[in-house]
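Undergrad: After the C-alpha cells below, expect a handful of questions from me.
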Amino acid sequence: MMSKQVLYVEDNEDNVYMLSRRLKRKGWEVDVAFTGEDGVKMASDKAYDLILMDLSLPGIDGWQATQILRDKGVATPIIALSAHAMQEHIDQAISAGANDFDSKPVDFTRLLEKMSKLGE
C-alpha cells in the first residue's frame, strides 16, 4: 500500500516538527509549507491525499489559501487548524472550502481520525 501524502501548511516550526514526526510514524509522508503562498503553490503542483492548513499564517492566511485552492479547482480534502476554535472561525473555514476543522493544540488521536476519514 502506498503511503498517504499530506501537505502541512504551518508557520510554527515547533508545531511542524512535532506533528510531522508523529504523522510519519503513522505512515504519512509529510511535505511542509511555512507560508500560505508556498502552500498554494505546492498543493497546485502535486496531488496530495490531504492538506492540513493552519489558519493564522503570515501573508496569505489559511482562509485565503483555502479559498484560492478551491477557486483553482484543487479538490484535495483540507483540515483547517486554529488555536481559535470559536464557531465563527469554524464556519469561516468551512465556507472558504475546508472539509473539516480541528483546534490547536492538536489532539493527535482525534486529528488522525479526521484524516483517515477524509483521506479514504
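The backbone N, Cα and C atoms fix where each Cβ goes, and this holds for glycine too.
Annotations in TrEMBL come from automatic prediction, not curation.
On a predicted model such as this, the values are computed, not experimentally measured, just so you know.
Pulled from TrEMBL, these are the listed features:
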DOMAIN    5-119  domain 'Response regulatory'
MOD_RES   Asp54  4-aspartylphosphate
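Describe the structural surroundings of these features, if you would.
TA: Per-residue pLDDT, averaged across the domain 'Response regulatory' (5-119), gives 96.
The secondary structure of Asp54 (4-aspartylphosphate), as reduced to three states from DSSP, is extended strand. Around Asp54 (4-aspartylphosphate), the same-chain residues at least 6 positions away in sequence with a Cβ under 8 Å from its Cβ are Val9, Glu10, Asp11, Asn12, Asn15, Gly62, Leu81, Ser82, Lys104.
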Undergrad: List the helix, strand and coil residue totals of the domain 'Response regulatory' (5-119) as derived from DSSP.
TA: 54 helix, 25 strand, 36 coil
